[in-house]
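Notes to accompany the following structure.
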């Protein structure tokens, strides 16, 4: 290539008399002949910022290889951080608000108890295959029995041992027996806690797998065990009086032997069964009415709501029918299982640990689900659904796993799209390799951003692994497309070494604005105090920062490398080969080229202007060169509706010239017509003229007002909530179970926990009133027969009174009294004083419990010890939990030593927990109402009595967030909109434009929120994050158009059209890339990903396109801000209106006959000069009146009656380049300017009219720093 000549600086703005002819991407606009008026400081500041970007781009181009190497090295090193990434699957850690009262309460519970859960539930639900069918039939219950039996017989072999249900199940209240033989037999026989409707019948005993052996009789199992008969037989060998009283108090009776049989014809059905003799089937609804009970009628009550679902009752409350049955197997927690077996001789050889206990439980649970579901024949009329704690954990783990196939598919799809859309027929314009490299760079930036998050300790979760790689890809390539489009628009008159700088100068502001807005949006989304979403938002913000760094530093190096390929005319992608059409650049002789229609050839050369020594003429200096690029100046078709283009665009002057040359040589390198079509052409020729008509504007306004109204209505239909069915994949067994449970069972455990910080013995009345107050809450159910430490003593006092009156207990002896009477004797003499622990005078002067149920404060903690140690069934059934735990003390009636009389007092309580139940909770509003009611009671108790308490349970963990969710949402989105306004106002330096952008973004958020309501998508933390992020993502669709409008010249309509022309393609590419990025989410097996991410993000992208490319241009064309650069408007000569305003195609301007502009070389053949002068207007030419021009046409006018001619040896058309939206020609960065300055002075001359007309005009280039011209 020839060496470039020195470039002249643009003329000072004070030189106002000029009449330049400009060209933008082949569109020829007449630029006004007076100096532009700039907005002052805002433009100066942005020009400074663009100068920095320009300098950065130029330096990157000079050192593109080094920049690329260092960038890849840094990004690659950070991507290695993914090796230490951790995935969080604990629901508690994911969804409990960070720093909330719930998290503080959980922390307090774990500090005191170490582990909140003492058992885990494994569930079976049976439903009819036909909705509405009654399940309370003998056939249905027999089917339920088969499934439950299969589940109860599950065994797993692990660590060389066999583990069955009886070894790992949770057993409530195993009594402590001093007789070793009885204790071992009780341990083997003591039943597992299994909540099942089968416990209403004898068949419930079959689920208990324990057995014991006694000589002379068959194995003892619960199906043949009569506890009363067994106690009589064993009583012959040892004293079991205390154990008998324990069974009597628990109302064990004959256990299962006295319950009816489902099938009385079963040979094993005991003779004691009520329907054994009659052989009649039991009345199943009557037996199940009110619930069932385990082997203890008093302490093991299974509420009807817990075992039956979809019930129907008559007016008297009698159970008629039900649609679902539920059985629950309770297993020990890993820690409890570890503690239970740690001293067992059977496992001493396997290095027993809590991790191994957890592995055993997980293996058993997986097999439990598998066998229970396979136990039912396929042709059965009922469906059985099994679920375990491990199933849920497995779902969460699979939900959090990265799908390598989907990630690879998404990125390959984006690679293909980028390559295809950026390929061109002309290798000098093709950027397929740039598209491929850009997508790969985005992938690297995403990996490096997530790697940094891993190094910072931010854990991954399902939202990160399932969504963020695709969302970041879609957002990241938007700026890449913008830079690539701007790079192709960079004119050839820009010096080669400055083209990357020019590209960054034009696009850097937009890229910075979108990236900063996205970053702020995700940081604002991190205000939502849900750990999973906070981690997602922070990771997304970091990835946006890395994408910005990649686009600003590394991708320009790729563009610079591709620029060298384009200049050498090598093939795209296959850069080792030269283009077969590289001879398009030809040498022309100085002669006039014209076709039959007298259309002259446009010849493009490098040039710059200066004034001659006299100051009367502008001199255009041509560098010595033999290669020029030409294209014919084709007249604009008369049907162009815009009327602002004088000449039709040409995609490449080389292409057009090549067509002429190849027609002679027979080459086949001319592209097909459809290959030359582009989105920019569509926006300029079709879309903008149609959209900016007055009628179209009215239609757009009406449609968007209707959409806004519909969205506002949709916002009223948005309900809070996120259910487990939304997370679990559809058409899976787990989803079927969760759907059935949600439909039929709304029964939840809850606990009231009282903390330390107050005196428990003195606050008994307040504690009692607190517990009683919960019975007034709509959804709270108080357990039947619930025992507490202050209501356990009335029975003891009554027994003591009877024994005292009968003389069995005296002042000195209690040996003849009952077990409870003797225990009451010991309690009554306690003083709580360590020095004088006994006072026998209190036997008749004090009561264990007064008429209000209050225990004497000085013996409160002594009674707590007695209750916890000597009433194991009642204590376990109450599900009470204390910290510090009460000491163990065993009552022995026959031990009369003083040490046995001393009962150790429990330590002052810091934690006490008692159970309640929640029932009837269906909607999120029900959960919120129950939570607020319970919280209000706890708050009132603290304010009135100083009793510190809080609720605990599953509903309070996961529904608490909905109480303040909308508050956090409104707060975050308000702050974000304010921040977006400030960022836009600072970078655009135009509050008017920033206000319009923020208004459009707020409207997008309302539209998205309303459409979510119409689609039935519930509001939870995840949609809230997307709604907040929609503001940042929406900036991608609005700021480019707004910036293009702000920096364009002309009327509002013209500027809107120009903005659409230059931004339509990159905005559309960005939208398509975002859609392609999230497209792979549609293949997720999780309905949650489909609805809450893919659907919402797709709708957001479509709304962004509609608001950014339809509504925003219309709004700007009506109420947009004034241009930053203003030119005076004068009449345009030689142009006439061809069609009136009523024409179907609208008014347009017919260009005049092309002027013959002549070029004359200077005396020095190696450095020719061209003199530009003005000549009178040809006779008969009439200027057009200002009112005759369409409102949206670009026009300028020079002095009436003059036109410009240049005398030369060839007839050519001279054209100069104006600025593209986003660039400022007035500021030349230091180091990139020439010392030459124009010095044009304005001599005045008289005119035939009263207007003073100039003699000469200066030619200037508005598109570069020098005066490079296209001719």
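Placed from the backbone N, Cα and C atoms, the Cβ positions cover glycine too.
Taken from TrEMBL, the feature region 'Disordered' applies to 260-287, 1237-1271. Marked as domain 'SSD' by TrEMBL: 403-561. Residues or ranges marked as transmembrane segment by TrEMBL: 404-423, 435-460, 466-487, 508-530, 536-561, 698-714, 734-753, 968-989, 995-1017, 1024-1043, 1063-1082, 1094-1119. The annotation compositional bias 'Low complexity' is assigned in TrEMBL to 1243-1254.
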Contact set, same chain, for the transmembrane segment (536-561): CB under 8 Å, 6 or more residues outside the stretch: 56-57, 60-61, 64-65, 67-68, 71-72, 75, 78, 434, 437-438, 441-442, 444-446, 448-450, 452-453, 458, 460-461, 463-464, 467-468, 471-472, 475-476, 479-480, 483-484, 487, 500, 503-504, 508, 511-512, 515-516, 518-519, 522-523, 525-526, 528, 1025, 1029
Tertiary contacts of the transmembrane segment (1063-1082), as residues 6+ beyond its ends and Cβ separation under 8 Å: 406-407, 409-410, 413-414, 417-418, 421, 466-467, 470-475, 477-478, 481-482, 485-486, 678-680, 682-683, 687, 1033, 1036-1037, 1040-1041, 1044, 1089-1090, 1093-1094, 1097-1098, 1101, 1104-1105, 1108-1109, 1221
Helix, strand and coil counts within the region 'Disordered' (260-287) (DSSP): 4 helix, 0 strand, 24 coil
Folded-back contacts onto the transmembrane segment (698-714), same chain, C-beta under 8 angstroms, at least six residues removed: 691, 1003, 1006-1014, 1106-1107, 1110-1111, 1114
When counting Cβ pairs under 8 Å to the transmembrane segment (508-530), the leader among 404-423, 466-487, 968-989, 995-1017: 968-989
Remote residues contacting the transmembrane segment (435-460) - C-beta distance under 8 A, at least 6 residues beyond either end: 72, 74-88, 400, 411, 414-415, 418-419, 421-423, 468-469, 472-473, 476-477, 480-481, 484, 535, 538-539, 542-547, 549-550, 554-555, 558, 573
Same-chain residue ranges lying at least 6 outside the transmembrane segment (968-989) that approach it to Cβ under 8 Å: 41-43, 45-46, 49, 509, 512-513, 516-517, 520-521, 524-525, 527-529, 995, 997-998, 1001-1002, 1005, 1019, 1024, 1027-1028, 1031-1032, 1035, 1039, 1042-1043, 1046
Within-chain partners of the transmembrane segment (466-487) [C-beta distance under 8 Å, separation at least 6 from its ends]: 399-400, 402-403, 406-407, 410-411, 414, 418, 422, 431, 434-435, 438-439, 441-443, 445-446, 449-450, 499-500, 503-504, 506-507, 510-511, 514-515, 518, 536, 539-540, 543-544, 547-548, 550-551, 555-556, 559, 563, 1033, 1036, 1040, 1065-1066, 1069-1070, 1073-1081, 1084, 1086, 1089, 1093, 1097, 1220
